[in-house]
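Trainee: Residues annotated as signal peptide in Swiss-Prot, with sequence analysis given as evidence: 1-31. The topological domain 'Extracellular' annotation in Swiss-Prot covers 32-361. Taken from Swiss-Prot, the feature disulfide bond covers Cys62-Cys68, Cys66-Cys77, Cys304-Cys329, Cys306-Cys350. The repeat 'LRR 1' annotation in Swiss-Prot covers 92-113. Among the features that Swiss-Prot reports, repeat 'LRR 2' is placed at 116-139. Residues annotated as repeat 'LRR 3' in Swiss-Prot: 141-163. What Swiss-Prot lists as repeat 'LRR 4' is 172-210. Annotated repeat 'LRR 5' per Swiss-Prot: 215-238, in sequence order. The repeat 'LRR 6' annotation in Swiss-Prot covers 239-261. The annotation repeat 'LRR 7' is assigned in Swiss-Prot to 262-281. Per Swiss-Prot, domain 'LRRCT' is recorded for 289-352. Per Swiss-Prot, phosphoserine is recorded for Ser424.
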Amino acid sequence: MPGAGSRGPSAGDGRLRLARLALVLLGWVSASAPSSSVPSSSTSPAAFLASGSAQPPPAERCPAACECSEAARTVKCVNRNLLEVPADLPPYVRNLFLTGNQMTVLPAGAFARQPPLADLEALNLSGNHLKEVCAGAFEHLPGLRRLDLSHNPLTNLSAFAFAGSNASVSAPSPLEELILNHIVPPEDQRQNGSFEGMVAFEGMVAAALRSGLALRGLTRLELASNHFLFLPRDLLAQLPSLRYLDLRNNSLVSLTYASFRNLTHLESLHLEDNALKVLHNSTLAEWHGLAHVKVFLDNNPWVCDCYMADMVAWLKETEVVPDKARLTCAFPEKMRNRGLLDLNSSDLDCDAVLPQSLQTSYVFLGIVLALIGAIFLLVLYLNRKGIKKWMHNIRDACRDHMEGYHYRYEINADPRLTNLSSNSDV
């Protein structure tokens, strides 16, 4: 039939165009989908749509107040007035800067996260307003190697701030470098006034450094610019791995109570810009016993009197002090700016000065003698009547004895009285 014949070719052309369109669509879907997810003939259209709209996983989030670099594994939250540690820190962070913010307290578990910040190695918290660091504040940072708390006015540093519950023989702190420069609070914020407050502050820092075995792996410790007057006893007793110790720009007047004997790995000891006047033999002997140490002593007010003689002799022989040629006298006035290495015994007036121990002995002896004299006078005063009677008896006895002696002398001197006395005796 003509009608049927006329419809046949047009219908065939339509089917051909549909087939070509289907092939084009199949090619586009195959090109946009991953090679491993090419659909089979039995795949549904929904699967085609899902495979075509697949996207790569989103990048780790960065806290809004911070700058993050995943390539450098660094997060910087600097001068953002943060009041606490951001909660959404990315787990890849290795170097974290939280400086110049407004955090006043660092509570226990301040860095506890899920997943944990296991790769964090360097943490800088300097320049905040931290006043309190609680026990276990860094407990959930198993990879932490370097911690900087400088320029924070710490009034309460827990004895377990660097330890936490994991500070034991089997699990000491991983810290290798601890920076505590200028953490002393202002004078008006110290407890019990200025001097007592400084003593309490020194004890607080010492307690945190010697808490158990937490810091036995510490190799670098910086305590500069903290106004220390003395180093607390046993401050360094639990730090056997220490290689670098910075105590410059304090107010140290003596190292009498400090012991460096167990710091067998110590390489650098910085004591510049303190108030040291002389170093005693016990300290010099400890330094001499440390195989690799170098001690820096510049800018101290050395007093060049007889007490300096042993130190001068030691300086002339030792190689422990690299800057010894720059050490000069500050007192007395006539010795000002004289180099310590240029001094000899005649310059130090040793003949006119007694050893301090001998001076102390003489003072003590004088006090004892004065006390004995006072007690003796008090006893005499209380027994004055009896003493007066006793003295009268002695006087009478002496008088009788002298009268008898005088009588015998007169008889012996006159022969007539002698014969008379003999006849009388007969």
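Each residue, glycine too, has its Cβ placed from N, Cα and C.
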Trainee: Work out the three-state DSSP category of Cys62 (disulfide bond).
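Mentor: Reduced to three states, the DSSP call for Cys62 (disulfide bond) is coil.
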Trainee: Could you tally the C-beta atoms, other than its own, that fall within 10 angstroms of the C-beta of Cys329 (disulfide bond)?
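Mentor: Around the Cβ of Cys329 (disulfide bond), 23 other Cβ atoms lie within 10 Å.
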Trainee: Just counting, how many other CB atoms are there within 10 A of the CB of Cys350 (disulfide bond)?
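Mentor: So the number of other Cβ atoms within 10 Å of Cys350 (disulfide bond) is 15.
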Trainee: Determine which recorded stretch among 92-113, 116-139, 141-163, 172-210 has the most C-beta pairs below 8 angstroms with the repeat 'LRR 6' (239-261).
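Mentor: When the Cβ pairs under 8 Å are tallied, 172-210 comes out ahead.
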Trainee: Which site among Cys62, Cys77, Cys306 has the most other CB atoms no more than 10 Å from its CB, taking these as disulfide-bonded residues?
Mentor: Cys77
Trainee: Say you check the Cα of Cys66 (disulfide bond) against those of the disulfide-bonded residues Cys304, Cys306, Cys329, Cys350; which is nearest?
Mentor: Cys329
Trainee: What subset of the disulfide-bonded residues Cys68, Cys304, Cys350 lies within 10 angstroms of Cys77 (disulfide bond) at the C-alpha level?
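Mentor: Close disulfide-bonded residues: Cys68.
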Trainee: Nearest by CA distance to Cys68 (disulfide bond): which of the disulfide-bonded residues is it, out of Cys304, Cys306, Cys329, Cys350?
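Mentor: Its closest listed neighbour, by Cα, is Cys329.
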Trainee: Tell me whether Cys350 (disulfide bond) sits in a helix, a strand or coil according to DSSP.
Mentor: helix
Trainee: Could you give the Cα-Cα distance between Cys350 (disulfide bond) and Cys304 (disulfide bond), in whole Å?
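Mentor: So the alpha carbons of Cys350 (disulfide bond) and Cys304 (disulfide bond) sit roughly 11 Å from each other.
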Trainee: Kindly report the helix/strand/coil residue split of the repeat 'LRR 1' (92-113) according to DSSP, in that order.
Mentor: 0 helix, 5 strand, 17 coil
Trainee: Between Cys329 (disulfide bond) and Cys62 (disulfide bond), how far is it from one CA atom to the other, in Å?
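Mentor: Cys329 (disulfide bond) and Cys62 (disulfide bond) have their Cα atoms 57 Å apart.
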Trainee: Would you mind reading off the Cα separation of Cys62 (disulfide bond) from Cys304 (disulfide bond), to the nearest angstrom?
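Mentor: Between the alpha carbons of Cys62 (disulfide bond) and Cys304 (disulfide bond) there are 60 Å.
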Trainee: How about long-range neighbours of the repeat 'LRR 1' (92-113): same chain, 6 or more residues beyond its ends, C-beta under 8 Å?
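Mentor: For the repeat 'LRR 1' (92-113), the nonlocal Cβ contacts are 60, 68, 70, 72-85, 119-141, 164.
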Trainee: Give the nonlocal contacts of the repeat 'LRR 5' (215-238) in its own chain as ranges (CB under 8 Å, at least six residues past its ends).
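Mentor: Contacts of the repeat 'LRR 5' (215-238) (Cβ under 8 Å, skipping residues fewer than 6 from its ends): 150, 162, 172-184, 198-199, 201-203, 205-206, 209, 244-260, 262-263, 265, 270.
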